[in-house]
Structure formats: structure tokens, C-alpha cells
Amino acid sequence: MPTTFHEIPRKRPTTPLLDRAQTPDGLRRLGEAELETLADELRLELLYTVGQTGGHFGAGLGVIELTIALHYVFDTPDDRLVWDVGHQAYPHKILTGRREQMASLRQKDGLAAFPRRSESEYDTFGVGHSSTSISAALGMAIAARLQNSERKAIAVIGDGALTAGMAFEALNHAPEVDANMLVILNDNDMSISRNVGGLSNYLAKILSSRTYASMREGSKKVLSRLPGAWEIARRTEEYAKGMLVPGTLFEELGWNYIGPIDGHDLPTLIATLRNMRDLKGPQFLHVVTKKGKGFAPAEVDPIGYHAITKLEPLDAPAAAPKKAGGPKYSGVFGEWLCDMAAADPRLVGITPAMKEGSDLVAFSERFPLRYFDVAIAEQHAVTLAAGMACEGAKPVVAIYSTFLQRGYDQLIHDVAVQNLDVLFAIDRAGLVGEDGPTHAGSFDLSYLRCIPGMLVMTPSDENELRMMLSTGHLYNGPAAVRYPRGTGPNAPIDKSLEPIEIGKGVIRRQGRQVALLVFGVQLAEALQVAEKLDATVVDMRFVKPLDEALVREIASSHELLVTIEENAIMGGAGGAVSEYLARENILKPILHLGLPDAYVEHAKPAQMLAECGLDEAGIEASVRQRLALLGLA
């Protein structure tokens, strides 16, 4: 097994057992004694695959044995296996007939980064966001009962995803309907358990066995006839188990808790799953795994090896130096956050488990008492910020656009209705690339601009981002700044913390006939197009409040208005312009460019923008086509 990053195989390894186990049917034809070797081969294959394509890395390495055991014991796809989030699903894809397609992973027209129902019958539920698996599996279990089917429903959820309220809502509901389902907690952070070893594994086998289950149910029937006896016995059992296993919470919710067991011990996994397969009612199995298992660098640094980029062949020529680009937008935010926190002691930073991705590491180290990572709990993050704002704090919620969708009710009910001073720093706005539609920030302008009192800003470069963050921080009420993944155009940055005038756009180029009204980072492309068309370019900056005076001025002096945004056209910033013109009875041809009424599939960001007509060529072609239609070409 490779021990360094550079030892990851560039050529497909020899895997005789995996060659025979390319589907679950083939896997089940292997003997149990062969499965340990299969696990080694699958782990090596995963290293090779992700090295070829890039992608999620550590999570898959941690569930090799669990994935094998699940497909070995259960009759997938008839038994429904639901993976939470999907970061760990690459081994599942390899074992379910997609090994030869893995080279297309996360590429245009290739395999998706996450399980998708349209991709395979083994992908029973599409995922990408966390904490949905238990609810989905519960729905499947109830449907099976209504259909008089004996098929099983299994949810695999990580300890991080289990922190979300949605997961506990499902855990609370399943015992109420006595669902025949299995939840597997993949605990790869030791965040819940410490009792892992021989005793726990032994207990798991005993507690999950049919004999134990039969004795338990028989005792319940006998003792239920004696007043108070069953309750005493139940409490005695609970206390005895509680001394050895950490499952009291799940037992209290009504689950039959088994574990924790070693998630890399295949014989124990298989024996326990076989026992639990035929048990009725809600079953909960706690397995402990190590993220990055089998690859030392990933075991030591699971965060750094959560995902990797594509490896170049060892004999590849030296890559051409990359063009100098600007800093990452998230980095500009992180620096601003520290600067503003030093200047304003009221500032607090909140993130739902995105410290690294949103660049809050430096802030968390410099201002630990003002930094709050609430885990995967977007609803809580928003209302926590609201509560802080009620007491005079100035919260900044750093959150990805796609995840803010999960806290939308709180955004309206708890923040906006009360006009509280909460700034939302919305990262990953627009198209994000290889992770596909589940992670795209396609809708934030649409769902934000309809909220009364909301300040909504779209920077065109790094400097505007910094200025808009200051503007939102000083604003009396809820504010949002949305910015994309990746780097800016290397604009000079004003390090001051001064705001800009609210609701005012800026004309960046004066032209004639055509006016390009840009909301966000497509400004650079618009300026290039404008040089060819002699068009006016307006950096609109604010979606709400819209610079209506500037729109009126531009409409009066141009024959065609073109709005450009990396957001859904429906309900987006362009719609705000059209609504204003209609309200003022201003008749003017207008073309809206943005994201279509469709989910843009995974590809490289440049490919996705081209597909949507938001690259330079696409913008130019659309404008020329409309000019021709209007007889203005």
C-alpha cells in the first residue's frame, strides 16, 4: 500500500479479486476468507482512481470494509442502501458496475461526484447535502411496508452529519412507526465513542443475535404481566449496557442500539450485519472507522486529504506556468473578517462546519472567543446569529450559497422580519464545477431579493468584495454579499474598512446602442464583449436596492439592455430590472443572460459557463443575435 502522496499508482494495479467482484452479485460469490484481500485491492483501486480524476479521497478509504460488508450481506439493489452526503460513495460505485467508468468521474458527461438515481439502480437516493439519509431510508421502509415487501432500508450516516437537526427528526420519527430499517453510524472522528475493541465487538455480536432478541422479547412478555417488573428489568438492562456502550441516547429514542464495533474488522462487520438483517423494528449500528484508512498521509491529515486534485503522470512534461491570478475570494473574506474584528469588538463569526472552506482558520485562531462553528446545523447558525444580534453583537455568517437554502425560514422569520443586523457572507455563489448541481449556488439572488429590507450585493472583483463586506457589516438590518468559488481578476485592494454608497452602480465603460448591466463577476467578460460591440458596461453592484435612477438613465440612452448574472434567470437580478421598467412604463428591449431553468450538470467551471452562454463568446453571440432580431445589427 502506498505510504506517500507520490506513491499513489499512476497505472491500474493488479486486482484479481476485484476483477471478479465488479457487481454485488460477483462480490457475493467470493468466499469470506477472500474479502480481506479484496479490501486491500479496492483500497488500491480507489487510490488509483482518484489519482487519475481528482475527487473525494479520505472518506472513501475509511469505508472500504463497510461497503464490502453491506453489499455482501444485503441483497442490493433490492435492499435499499442510502449513503449520506456521498463523499464516501466511490468504493460503492466501483463495486456496482461502474469501475470502468470511474475515469470519467466529475467530468462533463461522466460519473457524478455523488450517488444519483439516474446513474445506477444501486444509487437509491440522490445526495450531496448532508443529514438526509435517515429520512430517505425511513420513507423507503414505510413504502416497503405499504407494498407488503420484505426489502430492507439501510442508511449510512457520518458522525458529522448526525449533528444536524434533520437527522434527529428522523431518528425520533422512525420508532413511532416501528420502521424496519437499519441506520449505520460511520463514526470516523471518535466524536461519540471511546469503547472500541474486543469487548465491544463481542457485545455487538451477542446483542445483535437472534437468540438475544428472542430472549429479550420473551422476557418482555412474561414480565409485562407483573406490575412494575418490566420497567425494573428495562432499567437494569439499560444501566448494564450504558456501562459498556455509548448508545443510551439512541435507546431512549426507541432504537435497538448495537456497537460500537471496529468498522475495519470485516468478520465482525459481516457477522453483526447478518444478525441485524432479520431483526424487526428500528436498528442502529455504530461502527468506528478511520478516515483515510490505509494511506498514512490521509490518516494523519484527514482534512487536508478530504479531496485531492488530479495527479500528473510521472513522465509528464513540466506544466506551463499558470497565469498570475488574484487571491481567492474566500481568502479576501477571511482577511477582511480578521481586520474588521480587530476594529469592531462586536463582530462574531459563525459557520456551519465550513471553517477551512470559508477561510475562517485565521479568524478562529486570532479570535477564538468570537468564533462559533455550529457543525452541520444551518438553521441553528442563522437563528444563533439572530439571537446574538438581539443583544448588540454584529454576527457574520459565513456559509455556502447552496447550504443557506437549508436555513431559509430562519433567514426570513428570525432575522429579516425582526430587521436584525446579520451579515451573510455567501461563498460558492454561482456554478462551482465538478461537484455539480447539488453544490451550485444558482438561486441565492432569487430567494434573497424578495425578502423585505434585505441588502443584496454582488461584487465584480476582490476589492468590491471587501468594500461590500464592510458595507454589509455597517448596515442596519440583514445584508448579504455573494461571491464565487475561485480567484478574482487581481484587482488592487483597498485595505481600508470603508463602505460604499448603498444602491449605487458604476458605469465602467461608456458606449452606445447596447448596455450590459452586470451583477457580479462576469464584468471582465462583459468588458471584453463591449470592446467588440462598442457597448456600455455597468457594474450594478446592488441587486437590492436596485439603482433605479441609473437603470432609467441607461434605458433612455440605449436601444437594448442586457442583464448578466451567474444566478437563475427566473427571479434573479435581471428580473428586478424588468420589474422596475414595467412599473415605470418604460418600454425597452431587454435580454436576460444567466442560468437556465435547468440543473447544470457537473463539468469544469469554464465548460459550465460556456454551456450557459456566460463566457465571453456566449455573451457576444447572444447580444448579436438579439440585435439582429431587433434590426439593430
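From the backbone N, Cα and C atoms, a Cβ is placed for every residue, glycine too.
Because the structure is a prediction, the values reported are computed rather than measured.
Per Swiss-Prot, the listed range annotated as region 'Disordered' is 1-22 (candidates: 1-22, 89-110). In Swiss-Prot, the thiamine diphosphate site is described by His87, Gly128, His129, Ser130, Gly160, Ala161, Asn188, Phe295, and among Glu356, Glu365, Glu378 the residue recorded at this site is Glu378. Below 8 angstroms of C-beta separation, residues 29-30, 34, 37-38, 40-45, 47-48, 51-52, 94-95, 97, 99, 294-297, 311, 313-314 of the same chain, each at least six residues beyond the ends of the region 'Disordered' (1-22), sit close to that stretch. Residues His87, Gly128, His129, Ser130, Gly160, Ala161, Asn188, Phe295, Glu378 are recorded as binding thiamine diphosphate; their most distant pair of Cα atoms lies 32 Å apart. Rounded to the nearest whole angstrom, the C-alpha distance between Glu378 (thiamine diphosphate binding site) and Asp159 (Mg(2+) binding site) is 16.
With all protein chains in the displayed structure included, the most crowded Cβ environment within 10 Å among the binding-site residues Asp159, Glu378 is that of Glu378.
A straight line from the CA of His129 (thiamine diphosphate binding site) to the CA of Asp159 (Mg(2+) binding site) spans 14 Å. A count of other CB atoms within 10 A of each Cβ picks out His87 as the most crowded of the binding-site residues His87, His129.
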